Every structure is written in C-alpha cells, then in structure tokens.
Amino acid sequence: MAPVGGKKAKKGILERLNAGEVVIGDGGFVFALEKRGYVKAGPWTPEAAVEHPEAGASIVGVNCHFDPTMSLQTVKLMKEGLEAAHLKAHLMSQPLAYHTPDCSKQGFIDLPEFPFGLEPRVATRWDIQKYAREAYNLGVRYIGGCCGFEPYHIRAIAEELAPERGFLPPASEKHGSWGSGLDMHTKPWIRARARKEYWQNLRIASGRPYNPSLSKPDAWGVTKGTSELMQQKEATSEQQLRELFEKQKFKSAQ
C-alpha cells in the first residue's frame, strides 16, 4: 500500500523485511485506512497472496470482519492461489465469533446491529468446534478468532483439536466434553442432551418473536476517499447527523 499525499517516501516491505522488521498485514486495518483516504490498497484475495511472492510471506490468511464460514471460503481461495503459483505458506484464520451470512463487502460493520446489538449472532462453542475441524482439514494451522470470541470459544478450538495436539487445555477440567456434565441433571430430558449428536445437530432458535433471521446491510459503499467515511478530529456535528439520518431514511424507502 502507498501513502496518499505523503511528502516522504515510506520504506518498502522488502526493505523493511531485509532490515529484520516483523511486518504484519491486517486487512481490516488497511480497509479502515483506505476508507478514510489515507492509503490506496491494491488487489486482494487470492491475488495478493500470489502476485508478490518476493515479499516472502510466511503466513497467509484472513482476520476479522467475516464469520468462520466466509473466512474459510476465503482461505480456500488463498490456498488455491498459492498452489497455482507453486508457492508454500502457512495458513491462518481468525474470523468473527458472529454469524454474518448477510453482511456485504465490508463485513459486519455494515450490519445494522454493529457494534452494540451483535449478541444474538454469537456462535456457540459447538459452532466453533466445527469451524476448528474444518479449518484443520483445510490445512490451516494458525487457528484462532477475532471480535466476539470468548474464552470458551478458544477452549472449544483446543478441545476439538486435542487428538492432534495430544492433550486437552487446562480449562477442560471445568466442564464435561460435549455436555457430558448434564448426565447428572435432575430432569431426564436434560440428561438426554449429554451427548455429542444432540449439540452437533441442534437448530438454534433466537427467541425473538417477529424478528427476521437476516438483516439488510447498510451498504454505505467502499469508495476510496468518500467524504462520509473520512476520519475527522472533531466530534460529529448535529448537522452531519441530520444529513446521515436523512440519507438512511432515503435508503430504507428504496
């Protein structure tokens, strides 16, 4: 990425790597800077993974903005791109712990629930165990999580991959695997849930009458340098808020 309007040329990535720097490229960070007009980003998945092999990336993957399903689909594209270019790299995945099948190009930041109403979308520990297994089968070995991940989600990853790792995480002492601790429950129908098959096949309900299962993303757009998306030092004015609200009403009416 190149700075916009900068007076002094920045060091290139190869120069920085040769100098011994550890360079971490966070796509979400670059997207944010691009929207605010500070940088111009180049091509993305899977092109970015293969068009600049001279950078010598040791780890290629995705982080944030999208759920486990979309993230793994993206990593799969990256893997295919690397293989087509006869390159090798470790694969990484750090998705959201939210279900976001309805989000658009910018990910969960376009959802009406972002950022303070996302709790109904939180993945269960069983969802994350499934994600961990699918990631491992895809060849991903740096398996983690980003926004929305809780300690029990990370524990779920470690528990799912315990056969490969050779041990369970210490926190597994606090509960039974796949709900096995429920076998002592006083209610028989609860005791019947103390098995893997129950939790693997459970169809989760939201418990919110009349609410839609999916949202309509705001879709403000990802145009580089759009004034609405530019960073500003002062607080948002009342006039700016009124303009945004009017625009939102117009989009909702369409």
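Here, residue 1 is simply the first one shown, and the rest follow in order.
Just so it is clear, glycine is given a Cβ too, placed from its N, Cα and C backbone atoms.
Caution: TrEMBL annotation is automatic and unverified by curators.
Database features, via TrEMBL:
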- Cys64, Cys146, Cys147: Zn(2+) binding site (BINDING)
- 1-161: domain 'Hcy-binding' (DOMAIN)
- 194-254: domain 'SEA' (DOMAIN)
Cys64 (Zn(2+) binding site), Cβ-centred 10 Å count of other Cβ atoms over all protein chains shown, is 20
Going by C-beta under 8 A and a gap of 6 or more residues, the same-chain neighbours of Cys146 (Zn(2+) binding site) are Asn63, Cys64, Gln94, Pro95, Leu96, Ala97
Long-range Cβ list for Cys147 (Zn(2+) binding site), cut-off under 8 Å, min separation 6+ in sequence, same chain only, gives Cys64, Leu96, Ala97, Tyr98, Phe108
